[in-house]
Each structure stands twice: as C-alpha cells, then as structure tokens.
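Quick look at what TrEMBL lists:
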| type | residues | note |
| --- | --- | --- |
| DOMAIN | 5-69 | domain 'DUF1899' |
| REPEAT | 78-112 | repeat 'WD' |
| REPEAT | 128-170 | repeat 'WD' |
| REPEAT | 176-208 | repeat 'WD' |
| REGION | 403-436 | region 'Disordered' |
| COMPBIAS | 404-424 | compositional bias 'Polar residues' |
Amino acid sequence: MSWHPQYRSSKFRHVYGKPASKENCYDSVPITHSVHDNHFCAVNPHFIAVVTECAGGGAFLVIPLHQTGKLDPHYPKVCGHRGNVLDIKWNPFNDFEIASCSEDATIKIWNIPKQLLTRNLTTYRKELIGHARRVGLVEWHPTTANILFSAGYDYKVMVWNLDTKDSVIAGPVKTINCHQDMILSMSFNTNGSLLATTCKDRKIRIVDPRLGIVLQEASYKGHRANKVLFLGNLKKLLSTGTSRWNNRQMALWDQENLSVPLTEEDLDGSSGVLFPFFDSDTSMLYIVGKGDGNIRYYEVSMEKPHLTYLTEYRSYNPQKGIGIMPKRGLDVSSCEIFRFYKLITTKSLIEPVSMIVPRRSESYQEDIYPPTAAAQPSLTAHEWLSGMNRGPIMMSLRPGSELLDSQTLPPERPLSNSMVQVSPQPLEPMKQPAEDGDQAPFSLLEEKVPKWTAEHHLGEKSCLTNGFDVFKCSPPKTENELLQMFYRQQEEIRRLRELLIQREVQTKQLELEIKNLRMALSSALLHPCPQGHQ
C-alpha cells in the first residue's frame, strides 16, 4: 500500500502576517476597559476610530491614519454620549461620517472634519432615539445609502432611514421583534437582502430585514453561537462560539438549511470571543480571538472539506479589539491582501498587521486583486425600502483605474445572473460619435487614413487588453475571471473610442487642409500672374 499525500494548489498558501514597525504604530492610546464583546475599533483609508474612556459619558478618538507614533495625552475626543460608547462604524460610502451607539440608548451620526481636530467634537449631525435600553451594535447597509441598523438590549433590531433633514429621528422605519434575548452580532449578505443574527439564546436566525420575518433558524444544540458572518456569495454562514465541552469552536452552515452545520471545528479551550472576518475577493477567512495574540486564517471553498487551514499569525501581545481596513485602502504594491489593527491594552498600543502574499514581481498582481466593492452606494434608501435589491458597485484596485460603471449591476438580480445581460451594454456608446457628425467616423477613417497606418495600430494593440493577449488567454472558468475579462474589455472599448475620436479630428484637419489647397490652386488658375512679373 502506497501513501499519497494530498497536495492542494493555492496562491494564498504562503500568506504571512507582517506587524508594523514601532514608528508605524499608534502609541499611548487610552483604549477602553469595557468588557463588551465588540471590536472597539473602526478603520477607513483616512481615519482610525477607537473607543476610549471619558469621565461623565462616552467618547471615542478619531486619529488620522498617517498620524502614527505617540499620541498627545490631550488629543481631542468625539464626545456627546451620556453613557459608554459600545460600538462605532464608519459609513462605507462616506469616509468622514461615523455612527456610534451607547449605553444611553441612543445612536449618533457624526461628521468628522477633514482638517485635524483642535478641540473635542460634541456636535453630532443626527441623533436616533427609539431603543428602550442600551444599544450594543450598529451596522450600515452594505449597498444602500443612509440605511443604518441597530441592536439593543431591549431585544430589538431597528432599521433607520437617515435620508431626512431632521437632526433628531424619533423612531425607526422598521423594528424587528423576533429575538427573545440580547442580540450578539449582525451580518448582511452581499446585496443586503438578508440579515443573519446571533442571540444570547445561542440561536442563529436569518431574517428578512424589510419584513422582519425569520426565514431560517438554527436549533442545533451542539454549537452555541456567539458571532455569525455571511460568506460573500457562497450561500454559506460561518459562526463562532463554544461546543458542549466549552471549547472554542467554529461552524459552517448552509444558508438554505440551518438544521445541522456542514462542518464543525474545535480550536482551543480559551474563553475569549472569536471574531470572524471574511474576504470575499480571496475567499479567505480570518479568526481573531479576544485576549489572544494569534490570528488563524483559512481558505473557504464550495467543495468538501470547505475550510482549509492555511497557517497562523502569532504574537505575544493579546488584542482586546480589532479593526480592519477596507480593500480600497490596502497597499497593492506590496501584495497586501488584508490589514488588521490590533488594540493592545497592556501597552496602550494600536498595532497594524498586514497579510502579505509573497511575490517576487513588484508589478500589480491582478490575480490576487479581483474587482472589489467601491465606496459608492448602488441604491437609495427609498429604493431599498420599496423592495429593490442590488449588488455592490465594483472597482479595480489597479492604481489609476476608474470606478466601474454602476450600470453593470441591474436591480433585483444577483451578481452571478447579470453577467450575460451586462456585457453588450458598453458597446452602445460606440454608436454615439457617428450620430453626432454628418459622416460616420469609420468611413472617414477608411477613406482618409492610409491603410498601413490603421493596420499598424490594430495589429499592435487589438489583441492586447491591459497587457493581456485575449487570444492566448484561456476561457474564464470562474465568476471572478469572467468579471475581470469583462472589465478589461470595457477598458479596451473606452480606449478604442478615444483613438477613434482622435482619428476623426485628424481626418477633419486633413480635409480642411485639402480644401484650402484646392481654393489656393483654383485662385491661382483664375488669376495668373502677368508675364512681366514672372
């Protein structure tokens, strides 16, 4: 009998964690001592926000991302809550707007000025009043502007519409009353049409956020869930919690059937909460333990065993909370695919940890950076509340690239079903230059531009799309590859349109010169010079 080792090919098998140097950390930060099981940190490409201590109320710090090093002990705070701040979240579509919730049973929306704070910020933009007890969680809708969700200790999830001129909103547009105990976590699917929650009764629920109806509920007793997370477009959920023997455990669930988990995995016997993070672009799952110094990461696939352990980042400094940078804020030149911000209370330190794919080439690595969600909503609050669903607007992380057109995501259709219908749309603008002028640009080019010039340009670039030979590339096999090919074709069409317009301008200039020469020749023939002056 021969033994055959199971090798699994993966471009992320050698991902490693790289902590920032001392001068690139945030030192002397007064991190909160709250025992609430939250991240206490929110990050975007401009700021890092951290919950802190404040006498007589609740507050948090907003530090510019580039302002590393030791923090001034008198650094201004954002304070206005009458109780401790329990959760903060940046608006995914506005890097200068943040939501905070507190033990005073209110949610506040703050506008952060672009210049540095010189004194404490106490004026909020909006105040949301509706919960009867303290509010423990806030979440922005992933694709819709001005829709915020909050979960309180009154066992209610409230849906808020911020698209009003009122500075005080006295009631939500929807209240979800299906929970029998305190809500521990909330997570949205990709287009925000489903909401998954965990509760202190250890049940996982999938809820329609507009109707408040429970669509699925897990009654499995072997896994007591604490945190839950939708895994992108894989139609799966991941939950972290404890087993019957109080071991820390994670479980993978089928979104359509929560009766029994697809797989369970015991991790260790520690007591801290496990925070899961999923990168839908790379299908990588990160498990961060509160009170640990380690970060485990896995690769998620549709086939069994679904979860493939990659490796673990180890550190002696335990994290009390954690923040993550959105994909658009990563350093693509160093092949960084994820970045954590660890809150280390024992040192009053915030330490960035970058997840790096080791590559020798310094050029942009398109295979590890597929199109990702952009900072632009695809729906208005009114459209979403009226029943419309739409996936996120996508963008390329290639430096200098433009935002991908929102028309590529038609409403009320999932992303995977829209591929065939979308591709013909970018071809329509090609007709526009022909309709603007009296003559078609193609006919002008064919008549006026020398044939060898056109063949030279077409032969040089027609088969290349952003440096890729489309005739030598293999057909796309996955949805991401299909998206990448589609976006390359969009860019190529845009480039050809620009080239066409340039050729048309050159052609008109040549026609004008020919016309001037003919007029000069005809005038010379009609008015010949006298022979005496020749």
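First residue shown is number 1, and so on along the chain.
Glycine is treated like the rest: Cβ placed from N, Cα and C.
TrEMBL annotations: computationally assigned, not manually curated.
Same-chain residues lying 6+ beyond the ends of the repeat 'WD' (78-112) with a Cβ under 8 Å from its Cβ atoms: 32, 34, 36, 38-47, 49, 51, 54, 57-62, 120-129, 131-140, 142, 145, 148, 150, 152, 160, 162, 326, 373, 375-377. The average pLDDT computed over the domain 'DUF1899' (5-69) stands at 87.
Remark: secondary structure over the repeat 'WD' (176-208) totals 0 helix, 17 strand, 16 coil, with classes taken from DSSP.
According to DSSP, the secondary structure content of the domain 'DUF1899' (5-69) in residues is 3 helix, 24 strand, 38 coil. For the repeat 'WD' (128-170), DSSP puts the residue distribution at 0 helix, 22 strand, 21 coil. Secondary structure of the repeat 'WD' (78-112) per DSSP (helix as H, G, I; strand as E, B; remaining residues coil): 0 helix, 26 strand, 9 coil.
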